[in-house]
Amino acid sequence: AGRFFQHGPTETSQATLASVSPVFAVMKFDKEGNTTYFDKKKTELYQELGLQARDLRFQHVMSIATRNNRIIMRMEFLKAVITPEFLLILDYRNSSLEHWLLNELASQLAGEGQLVTYSLPFEFRAIEAILQYWISKLQGRLNTLQPQIFETLEALVDPKLLSVDRSKLHILLQNGKSLSELETDVKVFKETILEILDEDELIEELCLSKWTDLQVFEKSMSGIDHAEEMELLLENYYRQAEDLLNEARELRILIDDSESIIFINLDSHRNVMMRLNLQLTMGTFSVSLFGLIGVAFGMNLESSLEEDPRIFWLMTGIMFLGSGLMWRRLLSFLGRHLDPPLPPHVPAVLKKSQPAAGRVEIKTSHKGETFGLSRSTLTNQ
């Protein structure tokens, strides 16, 4: 009985775990844009699709792969399986994703608004719709960050401000972190597409209908190369990602330049305060130095000077005049050593070689071409 009590719960829990399998909430789109919803266990789903269990193991990564005439797309929280006949969106319960699925994806898969003269296969429309959604998602994040960063930088890079608002710096730090995350996501998106563009076999594998539909195969043989169409489709979104990354980099450079300006302004204000402190210290030293005269007369010692009624005003004048002259001398010394020196004056060394002919020869260490003038022009002048 004791052994049964010890091993019974363990065997029950193992049986329970073995019977439980992940269940996907699936949204299915066909070629006409019709939508159906259902829940399916992971084991049943990959068996019906002819996939392996690891193919439906979705993490928050980005990849595009093919297996058994199926396209498996992982766009972080967007998980899709594309076949020549339908599109499956797994775990679609996301606020922004569900809005796009219900309002836009069905019409795009139905082929509405296409500008080509012939209808593309279904997998083309599915891939383009997903890539368009993801690039617009990244563009929306940049459009949200850009005005916030501009507003914060305008408030920080103001020469009239003697101090920096810490709340603005905190906002700029958060925006900079969000911008770094956006740059990383765009780079991963680019690299995912570039891995496919570098391999012609991968591009061929993405053309599912070419190997299953006889009409599509005949079109490809008659001159419509679907592999080239797929390559052009991927290159289009690769260029969009490149442009988006350039905009993010320009924004990053703007933040770095603004930070340099902020540090320069803070250093300038700090130097002003240090100089003012030094000037006051010099003034205090000057007054203290000549204040020793008053200290000497304040001692309880008798002399003949204190009997003269004019000696007080004389000594007071000497103290103030000496302190002022001493302070002025110290300020002059400070100005000579702290102010930046003026650039040296370089006189033009002119020497008349032929006074009768009225020609003037210019002798310098620089060539005339540096200033956009030739030697003949200078000679004629």
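Glycine is treated like the rest: Cβ placed from N, Cα and C.
Look at TrEMBL and you will find 227-261 tagged as coiled coil. Summarising the annotation, TrEMBL assigns transmembrane segment to 280-299, 311-327.
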Should anything in the same chain at least six residues away from the transmembrane segment (311-327) have a Cβ under 8 Å from its Cβ atoms, list it; otherwise answer none.
282-283, 285-287, 289-291, 293-294, 297, 305
Long-range environment of the coiled coil (227-261) - Cβ separation under 8 angstroms, sequence gap at least 6:
120, 124, 127-128, 131-132, 135, 138-139, 142, 145-146, 149, 153, 156-157, 172, 175-176, 179, 182-183, 186-187, 189-190, 193-194, 196-197, 200, 203-204, 206-207, 210, 220
Across the whole of the coiled coil (227-261), what does the mean pLDDT come to? Round it, please.
90
